[in-house]
C-alpha cells in the first residue's frame, strides 16, 4: 500500500489537525489541563469577589446629593481586613504552589510506566522539523507518526536558532536548542491527526514551521515503519546538509539515516560543554555524545 | 546651597550640596557592581568553553598578574594617602600623592596591555572561543574603568592645583578615590575568580 | 538616476521594499519640514534652545518626556494596527513576513522602552519634587542628560525603519537568531545601540530620584508621611538600579558578538545562547515592575483624592510596594519555564511568581476599601484608575495561571501569553499613566483637559481593549502561536482574530480622541486658577499651576500625611502662602547645552556602531568625552536667584501675605 493511501486512511476531521489545549488527546495534556482548570478556580476565589465588590462600591458610594451611604473620610485602617486579604491569598498560593510542584516533577517522568517507551530525536532546522526514529531506523521531515498508548520521549535539539516544539493537543512544549538535548514526554491516548508547530520565533519563515502529527494504532504504526523502510530513500549526510539550508520543503520521508547524525550535530554545537556528571532530580536535560552513541551501536 | 552641615565632619561632607553628590556616587557604584556581577556570572558559565583553543593555564602568566595586582593595590593605598592629605588641607601633598597613584595605575594598565598583546600573538583572541570572549570582556571592562579613572584623576589633580582644597575639590578628590578603591575591590575578585582559579583549578 | 544613488536607495533607504516605506518617508519629511518652518516663521529657535534644549528644570524635562512618550505611543500604536490588519484574516499578504517581523519587533521595543519608560519618567519629574517639597531633583544636570540620552536612543531606533532596516527578531532578541549568522545587517544593531544609549539615561534617572527622595524631602516629612506615589517611585528606582545593568551587559555582549566577533551566544566556539536569555530576563522581569509600581502609586493618589477619603492601609501599601520590589528579583525564569531548567528550578520560580501576586492583590483591596464609605467623583483621572481595577484583576489572575509551570508549558509563546501581558501592560500600566497624565496635567500646563472628549476616548479605548484582547486568551488555548505573520484558514482562528482587530481599531480611535482632546483643551480647556484643580491632598496642589521655576518660595514644614488636605481641613491653607520675611536668596541649577550635545555625540557614535563605520563611532564617542571633560572642569553649576525676584513673582501669583 502506498504511503499516501495509508495516511489518508488515518486522516480525520480537520485537515490542519486538532489543536485545542482544552481538548486533551493524551495524559500529559490531560494533567496540564487539570492544573489550568485548578488554577483558574483558585484565582477566581479572589477575582470574583474583587469585581463584585468593585461594582457594589461604585454604585453605593457615588458622590451624588442625598446619598444615604455612610461617609467616613478618615477610616483607613482595619486589622481584620488586612489579615483577611493577606491571609487568604497566602493560603490559596500555598495550595496552588504545592500542586504545581507535584505536577512539575511528574511531567519529567514518563506518563505511564507499564508500557515500554519509544524515543524520537527531533531537530529544528530552518524552517522544518526533522524527526529521527532511533528505535525504528527511519526518519521524516514535517510529519510525525506515533503509536497510540505508547509514551514517547521526544529528545529535542536545534541545528539553527532556538526553537520550541509544541503539539497542543498532546501536551506542553519544550525548547529545542543548539548544542543541547532536552527531553519532552508526550503520549497520544486516542488516534487522530494533531497540529504541531514551532513555538519560538526563528526568523522569516517561522510561520511555516507546521508539522502534522498522526497518532495511530500500534499495528498500523509498525506497518507504516515497515513500508517506509522498503522505499529506497536514505537520509544521507549530503541530503542533511541540504536540509540545513533555509527553506520550506513540505513533507519528506527517509527509509534510513546515519545513526550518529543527531549526536554529532549536538556535539558539534557545544554538546561537549553540557555533559552532566550529576543530573539533578527532575532534570529534563539529556547528555549525548557521539562516543556514547557509537558505544551503543556496538 | 553652601549650608554648613557640621565642622566636625571631614571636608568633603561639610557642604550639604557636595554631600549629596557623594551619596549619588555610592548609588552609582551599586549599579557598577551589578554590571561587574553580570560579567563575572558570564565568565563563570563560559570559562570551560575553550573550544579546543587556549585554556586559562596556557595563557595566564603568574608573575605578570601578580605584578599587576601589586601595582593596583599599591595605587589604591597611595590614593588613600591622597584623601588623607586632602582632609588635612594639604594641597601640595594631595596633588603629589594623586600623581603617585596615577603612576602606579598607569603601570597596571601598561602591564595589562602587554598581557593582552601577547595573548593575541599566541592566537588567544576575543573571537577564538567563548572563554576568551568572557575573559577579555571582564578583564577589559575593568581595565577600561581604570583607564577612565586615570583621566578623571588627572583632571581632578588639575583642579586641586588651580583652586586648592575647597568644598568642591574636596568632594572631587574623595569621589575619584572612592571609584579607585571600588575598582581595586573588583580586581581582587578578578584575581581570585579568573587568574588564581585559572592556574590552580585547571 | 545615477547607479550609485539607486544602490544607496535600495540598500539603505529600502525604496524597493514597498509603499509602507515610501509613506513613512513622506510623513517624516512633512513633519520635519513643518517643525522647521514653524520655528523659523515664529522666530523661536533661540527660545527653543534657551527654554527647552538647555533646560535642567525637572518640570520642563517632564513635559519633554511626556511629549515624546505620546509620539511613541502613536508610532507603537500604528505598528499594532498594521499587525492586526495583517492578522484580521488568514493567509493575508498585506505585510510580507519580513515587514511583519520588523513591525512586531519595533512595536514591542517602542511600547516598553520608548513609550512606557518615558511616560513614567515624565510623571516622576512632574510630580515627585513637588510632592516632597523640593526645589528640584538631586542632580538636575544628570536629569537633563537622562532625557537627551533617551531622546537620541529612541531617535536612532526609530530611524531604522526608513534607513538601514529595522530589527526583526522580536523585542526579546534571542540569540543565536540575532547573531550575524542568521541576522546580518544593521537592523539588530539599531536595537542594541538604541536601547543601550537610552538605558544609560534610565539608570541615571533611577539614581537621581532615589537620592532625591531619600535626601531632599521637606522638613518634617518622614518617609512614613510621604505620599504613596513618591513611595512607588522610590521602589521603582531601587529596581531600576539593580536591574538595568543586567540589560546593559546582555546587550553589550551581544553587540560584542556581532561587531567584534566574540562568542558569548553563538552556536559554535563555545557560545551559550541560554546565557543571554537569563541576563535579558534578569532585567526583563524587574522591568515590568519598574513600570507598574508608579502606576500603582498613581492609583493610590487618584483614588484617595476622588473618593475624598484617606488611602486605606498606608503602611500595608508601603510594605507591599517594597515586597514586590524585592520578590521581583526572584521570578525571572518564569519567562522560560520551557527552556528545560528542570523541575527544581521551575518549581522555585513558579512559587516565587505566585508569591509576588499576593502583595499586588493586597493593593487592590486597599483601593477598594479606600472608596468604601467615601464619596466617589467620576472625573477623568478617576475613570482611568477605576478601569484599571477589573483589568488588572483579570490580568493578575491569568498571571498566576501562567505561573504554574506545567500550565505554562501550554501557554508559553501562545496568544494566551500575549493577552496576559497586554492586559497588564495596558490595563495596569498605561491606564495608570493616563490617569496620572490627566491628574497632573493642570499642574503642568495650568488648564484641565476637556472631560467630554476625554470620556469618549476613555470608553472607546476601554471597549476596544476588551474586544481586542479577551479573544486572544481563547486563541492561545486553541493553539495559536505568537509572532506568526499569518495563519492557516482551516484552524478555526479566523473569527477571533477578526474580532481582535476590530478591538485594536477601536483603541486607535480612542487615541485619536485623546489627541483631539489635547488640541481642543489648549484653547478651550478650563483654566486652573487656584493651583488646586481637584481639591487635592498632597503638597503639589498647594502651589500655583503651572508651578514657578523655584517650585516653593519657602520650603514648607510638614506635620502630617496628606499635609495639604490636613491644612485645608483645619482652615489653615494660608500657612503655605508666602511671607516676605521668610524668602531668601536661593541657588538654582544653571541651564546647560552639554546634555543635548552629549546626546548628539551618542547618536553619532550609535550610528557608527550600527553600520560599522568605525570612524563615526570614534568621533561620536570623542564628542561625548569632550562634554564630560568640559563638565568636569566647569566650576559654576549654579546661579543665584534673588529674594526680591521671588517675592515679585509670588506677588503676581497672588500668594503673598
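Note that Cβ sites are derived from N, Cα and C of the backbone, with glycine treated the same way.
Which of C:190-216, C:541-567 counts as transmembrane segment depends on TrEMBL, and there it is C:190-216.
TrEMBL lists transmembrane segment for one of the ranges C:595-611, C:612-628, C:629-645, namely C:595-611. Residues 224, 228, 231-232, 234-236, 238-239, 242-243, 278, 281-282, 284-286, 289, 293, 296-297, 300, 303-304, 349, 352-353, 355-356, 359-360, 362-363, 366-367, 369-370, 372, 561 of the same chain sit 6 or more residues outside the transmembrane segment (C:311-332) yet have a Cβ under 8 Å from a Cβ within it. Averaged across the domain 'Cytochrome oxidase subunit I profile' (C:41-559), pLDDT for the predicted model comes to 96.
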